[in-house]
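Below you'll find the structure, written out as structure tokens, and then a few comments.
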Amino acid sequence: GVKLAVSLSRPYPHPTAIRAPTSHPTARASAQRLPTARTALYIRLASGPWCRTRHLARLRSLSFILFRFLIATMGTRRGVAVLLLAAVLLQTLLPASEAEGLVRIALKKRPVDRNSRVATSLSDREDLLGGGGANTLRSEEEGDIVSLKNYMNAQYFGEIGVGTPPQKFTVIFDTGSSNLWVPSAKCYFSIACYLHARYKAGASSTYKKNGKPAAIQYGTGSIAGYFSEDSVTVGDLVVKDQEFIEATKEPGVTFLVAKFDGILGLGFKEISVGKAVPVWYNMVEQGLISDPVFSFWLNRHADDEGEGGEIIFGGMDPKHYVGEHTYVPVTQKGYWQFDMGDVLVGGKSTGFCAGGCAAIADSGTSLLAGPTAIITEINEKIGAAGVVSQECKTIVSQYGQQILDLLLAETQPKKVCSQVGLCTFDGTRGVSAGIRSVVDDEPVKSNGLRTDPMCSACEMAVVWMQNQLAQNKTQDLILDYVNQLCNRLPSPMGESAVDCASLGSMPDIEFTIGGKKFALKPEEYILKVGEGAAAQCISGFTAMDIPPPRGPLWILGDVFMGPYHTVFDYGKLRVGFAKAA
């Protein structure tokens with residue numbers, strides 16, 4: 001931002017001329033070695049890369065007036081007094097974000113409502129009828145998390161501008177994808193486009209035609225269109241020549257009821273559709289921010305639509321967090337992915353991630369997604385409604401004792417289900433008989449999560465039994481516990497209802513990150529829909545199974561990023577978490 005740097009030094013024996021501001025096109029004035037009888041003053045008015053608004057232009061004009069007055073009064077006590085007054089005045093006139101060198105983007109929060117839940121249900125039914133599912137990987141590229149994303153319950157939005165003059169759009173700032181897209185004025189056959197702001201290329205003086213086709217498939221919904229280039233305004237920053245997608249097709253109900261117009265991805269370029277350079281990369285490369293860091297503060301206390309939090313580009317605000325951040329390195333560029341340790345329910349290990357799991361911090365996911373085996377255990381502890389799995393019950397009744405015996409004989413857990421004949425072992429994990437391994441050399445389209453139900457149920461039973469054995473439970477108690485879990489499998493529709501009156505008895509859920517435990521309390525992981533007697537509560541956990549090599553994987557969405565202020569450090573390739581203020 002604009003900075004006024006003032007320093008005093010001893011007088012120089014020979015006067016030197018004041019140098020004109022030539023090094024910066026928008027104002028960098030230097031008065032160096034100004035001769036006086038008593039002192040020489042160094043005064044520099046430096047314009048940061050985002051000093052473009054009329055407000056800041058007026059500040060610069062005021063600064064030059066003060067500067068000229070200082071020269072006229074140089075060597076007098078009045079000159080020194082005016083100098084100090086000028087420094088204080090300029091600092092108070094500057095916006096806080098400019099003075100701190102930060103760019104703030106205000107977020108709006110929308111509470112989860114019944115309309116979005118109904119739309120989610122309808123969208124999921126479309127997926128199921130189409131042979132997919134709410135938690136089915138449907139991408140030609142193995143492990144593509146973008147294809148699983150569900151924006152239906154998204155709560156946090158911000159505003160950007162595209163074009164010159166800026167055309168305003170409400171977008172989700174999504175760290176789990178990397179493209180920017182907005183509806184196009186040429187979107188004629190999708191009703192969703194007519195319900196949202198649309199980009200008009202002809203109304204922008206900085207528009208550049210590209211025309212390359214583009215399409216993105218999400219977990220619920222999809223968009224298609226073509227690339228264009230234009231200036232993108234984010235806060236006071238203007239990113240020039242930004243490649244983005246003009247969406248000309250938005251089929252289905254997902255974007256029909258969405259409260260946002262488009263999505264601005266903040267992930268890495270490795271997952272950018274069409275190899276488009278992400279907005280964040282251009283911010284850094286065009287010198288618009290001094291520090292390649294951005295941070296999220298989500299205001300979970302905003303009950304109604306209003307202040308939803310802030311994204312800060314260029315650093316972080318100490319007012320948004322308490323204590324120090326725990327940082328973990330990015331382990332695989334694409335998503336903001338890092339290694340995570342064990343997950344504990346009520347202080348007890350679930351066992352599944354004791355040896356390590358991958359996780360991504362994803363601001364574009366409203367809930368917290370994890371492996372079905374762990375989500376089922378959480379459901380059982382919090383009393384969440386689930387679905388009965390007959391395959392799971394069959395495993396317990398017909399193979400339960402055999403699985404237990406193999407585990408007691410210290411058989412490698414990954415090989416247990418292949419030894420009982422329900423899976424085949426590919427060298428790293430059990431896979432369904434007749435289904436190609438995810439690590440085969442030849443890629444398989446839409447391999448995803450479509451594995452044999454008996455094999456999947458067996459692998460979950462192994463995880464549950466291992467966990468109970470570690471707690472020295474008897475065999476009868478273990479088999480009974482696993483049978484109970486078979487009644488609590490997460491709904492394929494993506495959400496599970498809980499009793500609002502039971503929040504006080506629900507356990508904390510802890511995630512181990514960087515050797516530190518990050519706890520979520522019931523009021524933080526349960527979402528409340530409605531008020532009073534009509535209020536409903538849903539679990540903030542949803543099941544999503546990502547197969548190797550990328551999985552098993554946790555997606556830490558807004559349910560986690562709300563209680564924990566999150567820093568995305570692009571310069572040092574790390575992610576940091578601290579308790580949100």
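Cβ from N, Cα, C; glycine included.
These numbers come from a predicted model, not from an experiment.
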Whichever of CYS51, CYS187 is disulfide-bonded to CYS193 when TrEMBL is consulted: CYS187
Rounded distance in angstrom between the Cα atoms of CYS193 (disulfide bond) and ASP174 (active site): 20
Inter-residue Cα distance where the pair is CYS187 (disulfide bond) and ASP362 (active site), in Å: 29
Integer Cα-Cα distance in angstrom, CYS187 (disulfide bond) to ASP174 (active site): 23
Residue, out of the active-site residues ASP174, ASP362, whose Cβ gathers the largest set of other Cβ atoms within 10 Å: ASP362
PLDDT averaged over every residue in the domain 'Peptidase A1' (156-578): 87
The domain 'Saposin B-type' (387-427) - residue tally per DSSP class, helix then strand then coil: 26 helix, 4 strand, 11 coil
For CYS193 (disulfide bond), the number of other Cβ atoms found within 10 Å of its own Cβ: 23
